[in-house]
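Listed in Swiss-Prot for this protein:
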BINDING   167-174, 192-196, 214-217, 284-287, 319-321  GTP binding site
BINDING   Ser174, Thr194  Mg(2+) binding site
DOMAIN    2-160  domain 'Obg'
DOMAIN    161-338  domain 'OBG-type G'
DOMAIN    359-437  domain 'OCT'
Amino acid sequence: MSMFLDTAKISVQAGRGGDGMVAFRREKYVPNGGPWGGDGGKGGSVIFRVDEGLRTLMDFRYNRKFKAKSGEKGMTKGMHGRGAEDLIVFVPQGTTVRDAETGKVITDLVEHGQEVVIAKGGRGGRGNIRFATPRNPAPEIAENGEPGEERQLELELKILADVGLVGFPSVGKSTLLSVVSSAKPKIGAYHFTTIVPNLGMVRTKSGDSFAMADLPGLIEGASQGVGLGTQFLRHIERTRVILHVIDMSASEGRDPYEDYVSINNELETYNLRLMERPQIIVANKMDIPEAQENLKAFKKKLAAQYDEFDDLPMIFPISSLAHQGLENLLEATAELLAKTDEFLLYDESDLVDEEAYYGFAETEKDFEITRDDDATWVLSGEKLERLFVMTNMERDESIMKFARQLRGMGVDEALRERGAKDGDPVRIGKFEFEFVD
């Protein structure tokens with residue numbers, strides 16, 4: 001059996017933009033040729049694409065770092081550097097992508113072929129041909145390429161199924177799935193034979209079809225990690241109907257009604273929303289003599305928990321082994337699915353603010369000023385730091401341009417207001433310079 005992996009932590013880094021070029025046209029009979037340096041190419045983005053052929057996140061077990069290529073540098077004759085190709089990362093249907101730092105959901109990938117840009121490549125730096133003006137017709141200025149976005153991500157796979165089978169171990173969930181679909185789950189006369197989710201397609205005699213998922217068995221205390229815990233319950237979150245399978249023969253010595261209550265308590269503890277899904281009670285192993293009396297007692301206890309005007313959950317007596325009662329169960333399940341809408345998986349508060357996350361929202365401050373213990377003024381801020389890394393500090397004209405940009409942003413004035421004096425050290429990242437008043 002292939003290994004099943006439904007969670008992974010990875011890092012992605014988009015490619016840096018290529019640096020712009022400083023070059024001048026030098027040709028015979030072309031005096032004062034002027035600037036001729038081209039722009040750098042765009043860095044490659046990291047894109048997630050859904051592949052319906054994938055079933056687990058196993059590909060991410062050993063490959064956890066994904067880095068797109070950088071754009072090429074600008075060239076002479078005003079030619080642009082070649083942009084880097086985007087890095088396509090394939091994920092299975094049902095993959096939720098979260099920001100590892102905040103836990104917020106970035107995207108939920110459920111459609112085959114669906115694509116999402118997870119990390120955007122940096123834009124190419126401008127060459128000196130872009131900075132020519134009447135006052136400075138031969139500028140020795142070019143920008144460095146913009147760094148690509150870098151993110152730490154958590155991937156979580158929740159398989160796509162319409163119907164989920166839940167219940168204690170060895171109540172017959174896997175047998176039921178194997179009988180009503182072409183799935184071949186492992187079946188055995190011991191607990192936790194099923195240790196990974198299994199998926200099968202079910203077709204009723206009336207022509208309806210739906211996907212059914214068999215989950216590893218739960219036991220009391222699963223929400224505290226007993227048994228296999230609730231690690232696989234995430235796979236039931238996309239389902240619209242739950243089939244609660246109960247061993248009505250009580251062959252394990254447990255009371256069927258207590259089983260029913262215990263499993264529902266575990267579902268509620270794991271995720272309160274799971275109890276919003278309609279349940280059908282599947283009274284299995286009815287071919288065993290004791291099951292009939294147990295079913296009567298079960299119905300009596302169940303009815304005692306409801307008011308006389310409440311609708312009781314539907315109960316279908318079946319025997320997966322003897323193929324009894326299956327047709328009625330499947331038809332009722334299909335009818336319930338037809339009138340049950342999909343459930344909202346995430347609240348608005350669970351999602352990232354897309355404008356802020358992808359840098360579209362305007363920040364309140366372009367920069368911040370702090371002071372270190374050694375009396376150095378420290379400048380920080382996303383916009384300011386982006387300007388800094390795109391400045392070629394090896395060319396005087398580029399440094400002067402950066403100084404003008406800082407002045408235009410109000411950095412000089414803000415430093416004066418904070419008490420900065422002429423000659424005070426100022427630091428941006430690892431670059432240090434003196435404040436000139």
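Each position is counted from 1, following the chain as shown.
Including glycine, each Cβ sits where the backbone N, Cα and C put it.
Swiss-Prot feature annotations superimposed on the structure.
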| residue | record | DSSP class |
| --- | --- | --- |
| Gly167 | GTP binding site | coil |
| Lys173 | GTP binding site | helix |
| Val196 | GTP binding site | coil |
| Pro216 | GTP binding site | coil |
| Lys285 | GTP binding site | coil |
| Ser319 | GTP binding site | strand |
For each of Lys173, Lys285, count the other CB atoms within 10 A of its CB; which of these binding-site residues has the top count?
Lys173
Take the C-alpha atoms of Pro216 (GTP binding site) and Ser174 (Mg(2+) binding site) and report the distance between them in angstrom, rounded.
9
Where Gly167 (GTP binding site) and Ser174 (Mg(2+) binding site) are concerned, what is their Cα separation in Å, rounded?
11
Just to verify a number: CA distance, Ser319 (GTP binding site) to Ser174 (Mg(2+) binding site), in angstrom, no decimals.
13
Nearest-integer angstrom distance between the alpha carbons (Cα) of Lys285 (GTP binding site) and Ser174 (Mg(2+) binding site):
13
